[in-house]
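Novice: Mind looking over this structure? Questions follow.
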Amino acid sequence: MLPQSDQPVIAEAKRIAAEFEYSSADVNRGVKKFLSEMEIGLTGEGSTLSQIPSYITCVPDGSEKGVYLAVDLGGTNIRVCSIHLNGDSTFDMTQEKAVIPRELMVSDSAAELFGFIAEQIECFLQKHHEERYASHTEKRRLGNIAFHDEDIFDLGFTFSFPVIQTAINKGNLYRWTKGFDIPEAVGQDVCKLLQDAVDQRNLPVRVSALINDTVGTLMARSYCSSGHSKALIGAIFGTGTNGAYVERLDRVKKLNNRGGDLVDASASEMVVNTEWDVRKTSIRNVSG
């Protein structure tokens, strides 16, 4: 039996714990409100959920093959990866990481940061894809500018900053976060900034897709699941939290009000980035 002196402490602990209780009725109200916010977000502005279209209209099934590049820019480090998809839901990955110099994070020129990224891509190709890089360089030297698709690496750009995306490979920077401050880049297409820097180095790379980490998580899981269980959602739980899911294309009505490239007319689905971060989606908004 606990000492009498401990009783007030236990009572206080129980009182605090009770504040975290969430009844079934509260759960149902929260789900209903969350679904309502999702619907509003798909239509336009005014929701606590941004419901950002990714312009990705199909997910992998594990049969895909090929070698692809990826660049992940989301903080003080940059990662460059190559992923070899084996076509059986397995893959092999090689990656390198570099620290971004502070003077490039706060700068007057966007070209300096994106030039640094292109430099890291070139170093990666020289180290891990030497033969393909050398072949491309030799063709350039000889003046052969006719390249086949198999000569070019398609690159996915994970850019973890707020953008206004208008196509799978187009997105204008809305604002910088995480200690970055390069005013010149705001309002510009970050894929074009990277492609321009890549082209200045004559690299065999095409910036083909702009995504965020939640969309990437969903796509990766879809490839690896091998059809045994369809991936329904990609979610991140870290400093913040967010999720992406596959939505019926006809429900993403905000696309009708946006400029940009048209979506493939044969598509029926689109991956949507909810931006459900709890720092923005308050408990009152969800359960009220």
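Using the three backbone atoms N, Cα and C, a Cβ is placed for every residue, glycine included.
Here TrEMBL flags 13-223 as domain 'Hexokinase N-terminal'. Marked as domain 'Hexokinase C-terminal' by TrEMBL: 233-279.
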Novice: Summarise the model's confidence over the domain 'Hexokinase C-terminal' (233-279) as a mean pLDDT value.
Specialist: 82
Novice: Kindly report the helix/strand/coil residue split of the domain 'Hexokinase C-terminal' (233-279) according to DSSP, in that order.
Specialist: 8 helix, 18 strand, 21 coil
